[in-house]
Amino acid sequence: MPFPVTTQGSQTQQLQKHYGITSPISLAAPKEFDCMLTQKLIETLKPYGVFEEEEELQRRILILGKLNNLVKEWIREISESKNLPQSVIENVGGKIFTFGSYRLGVHTKGADIDALCVAPRHVERSDFFTSFYEKLKQQEEVKDLRAVEEAFVPVIKLCFDGIEIDILFARLALQTIPEDLDLRDDSLLKNLDIRCIRSLNGCRVTDEILHLVPNIDNFRLTLRAIKLWAKRHNIYSNILGFLGGVSWAMLVARTCQLYPNAIASTLVHKFFLVFSKWEWPNPVLLKQPEECNLNLPVWDPRVNPSDRYHLMPIITPAYPQQNSTYNVSVSTRMVMVEEFKQGLAITDEILLSKAEWSKLFEAPNFFQKYKHYIVLLASAPTEKQRLEWVGLVESKIRILVGNLEKNEFITLAHVNPQSFPAPKENPDKEEYRTMWVIGLVFKKTENSENLSVDLTYDIQSFTDTVYRQAINSKMFEMDMKIAARHVKRKQLHQLLPNHVLQKKKKHSTEGIRLTALNDSSLDLSMDSDNSTSVPSPTSAMKTSPLNSSGSSQGSSPAPAVTAASVTNTQASEVTVPQINSSESSGGTSNESIPQTATQPAISPPPKPTISRIVPSAYLLNPSPRSSGNVATKMPSPVAAVKRTCSPHKEESPKKIKIEEQDEISEDTSCIDLNEHEKMETKEQIETELNVNSQTETLQTTSLQAPQKTPSTDLSDIPALPANPIPVIKNSIKLRLNR
């Protein structure tokens, strides 16, 4: 496959056009050394499978052609059934458009295709999910066909001749669909329902991006490199609070606008230069926002107070303009900015011939980076239920990260986007399990003694939210479980396969156990996990606070929720990893990075002190007395807001405390300290585990209710239905002693 490297001569005409909302930083043309580095970059990328063979590309084109013919045939049949004139039927049209990585031209081997079915006004959405679904079912090339009609963006998923395809539907207010239809035309949005507008948005944004870059070939090669780098460094996941494909594409497009003549090797370096120095939360814009007077909600912090809380806004160029990164949290932004700085340091070395491109794509060892981790396990009784359950749990992990960030003793919560499988808990029982790992950094405590770090409600409010969503969407089934647990770095080898830990050590196979309710051991298989996310509205709704009351009334069985199962842990001083990155290379770092001049600079919201009193233990015997919690409601997402000190002993008079025994092995009671740390500090963590749990009933609580409720401010799920379910809660507290 040829990879064109565009040089100055072929760009002369393009320079006459101005790209972006600011003038370029540099118009410098590529030099011979830059062309050589770009060829080396291409050779480095090839083994990673980022380029598709011509044969496979032609196969995709053939499949999309077949799908397009099916759409035209189906729309003609619908038109005939609705007795349209023959002259209209002959020209009624209908078309499949593509968007996402395939439309951008940066899809990898085996990647799926995002497609949009555009139909005229007389074809209903219900027709798409009935008659077109049945038509697809009859095709022998179609496998794994399923419809997700109630999703935030309704979709039909299928595998067509080995290629996975997601098909959205949009019905335009047109009598016929012409072949040369340009979806960028804003007038097409008139009189459309919101689901059609959402479905059209992907194609409109993708097409706008391609029209807003100076050179598409250079843009594509740069984007391939940046996407591979982001995936290798575990920061590629919109749903978990990092950036998704369209966000990375917009950042690369902005870099191309600022350096319109540069080729890929230079653009990759400039990408890291620009965004390691970007003054977030100033927004990244590819074009000046336009108002179309269609009264659709657009991103504008001057008008919408909630937009002022977005931490890393990257604004889509097509109307209605939206922030593609509303899931980004304090922790995920911190992780990404550090990675930008490290990427700049590495590309500085590459430009100085001190390193090769392969260094940029070396995967860091996430499991050696932190001393503390939260391991989250989701399990379901069947594979079909596991796909739905894992998708739901994954879509809400960002809520758990947000809860952990608000704990005043936690500096950073870094979730690894990769999930891992686990075998059946009981060989005689069908069960499918998936795990995620979240790295934690605790703040250093100075001049303080007996500080309690309480993770119970951080985790519990997350599990409550997931169960509410599952119940309200009628997805919940018995034996769908969530278990969460705090572990240390030295114990990860007992939970994860060696090939993901990289740094292999010989350890005892005994010790740690990840438990749901029956304390059965968990081992991980070596298989990879390809979990599928179920689309869900993650920003459209807010939830009311959730109250925990006394014992369950009624006989409905309880879904097992292990809020946090604790291992005996040890103390250490934990700090955010420092990455030494060079800020300059041959004077390039002195370039002024233009921020968005046409949008007001968004200052982070004020940092109020939020007091939340939580009980640290549950009673041995269930009682109808409500737990004493204080609910505090704040805008979401919350930037840089920390919860004050965790509860002290007097707040939990009936707590049952288990003292650590001297004979507990270092493997299960100590943080991994190096010799220097052991000499410098004798800090230790004393774990209080409240082993007695009580069955409580989750029930709907109004905002005006007199009883105190735990905070669920990051939740976006409506309140529980009238029929409550009992949930078993366990408590975890870490006590830091100086």
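In case you wondered, yes, glycine gets a Cβ from its N, Cα and C as well.
According to TrEMBL, the ATP binding site annotation covers F99, G100, S101, T108, D112, I113, D114, D166, K227, Y236, G245, V246. Around K227 (ATP binding site), the C-beta neighbours below 8 angstroms that are at least 6 residues distant in the chain are V50, S101, V106, Y236, G245, W248.
Per TrEMBL, Mg(2+) 1 binding site is recorded for D112, D114. The Cβ neighbour count for D112 (ATP binding site), using a 10 Å radius and every protein chain shown, is 15.
Annotation comment: TrEMBL describes 522-533 (among others) as compositional bias 'Low complexity'.
Sequence annotations record features per position, and here TrEMBL assigns compositional bias 'Polar residues' to 534-547 (among others).
Under the heading compositional bias 'Low complexity', TrEMBL lists 548-567 (among others).
Summarising the annotation, TrEMBL assigns compositional bias 'Polar residues' to 568-578 (among others).
Sequence annotations record features per position, and here TrEMBL assigns compositional bias 'Low complexity' to 579-593 (among others).
The feature compositional bias 'Basic and acidic residues' is assigned by TrEMBL to 647-659.
Per TrEMBL, compositional bias 'Low complexity' is recorded for 693-704 (among others).
According to TrEMBL, the feature compositional bias 'Polar residues' maps to 705-714 (among others).
Residues annotated as domain 'Poly(A) polymerase nucleotidyltransferase' in TrEMBL: 20-213.
Taken from TrEMBL, the feature domain 'Poly(A) polymerase central' applies to 218-362.
Secondary structure by DSSP for the domain 'Poly(A) polymerase RNA-binding' (365-431): 27 helix, 19 strand, 21 coil. What TrEMBL lists as domain 'Poly(A) polymerase RNA-binding' is 365-431.
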Secondary structure content, the domain 'Poly(A) polymerase central' (218-362) (per DSSP, counts of residues): 72 helix, 6 strand, 67 coil
Listed in sequence order, residues with CB under 8 A of D114 (ATP binding site) and six or more positions away: T98, F99, G100, S101, Y102, R103, D166, L168, G202
Whole-number mean of pLDDT values that fall within the domain 'Poly(A) polymerase central' (218-362): 95
Whole-number Å value of the largest CA-CA distance among F99, G100, S101, T108, D112, I113, D114, D166, K227, Y236, G245, V246, listed as ATP-binding: 21
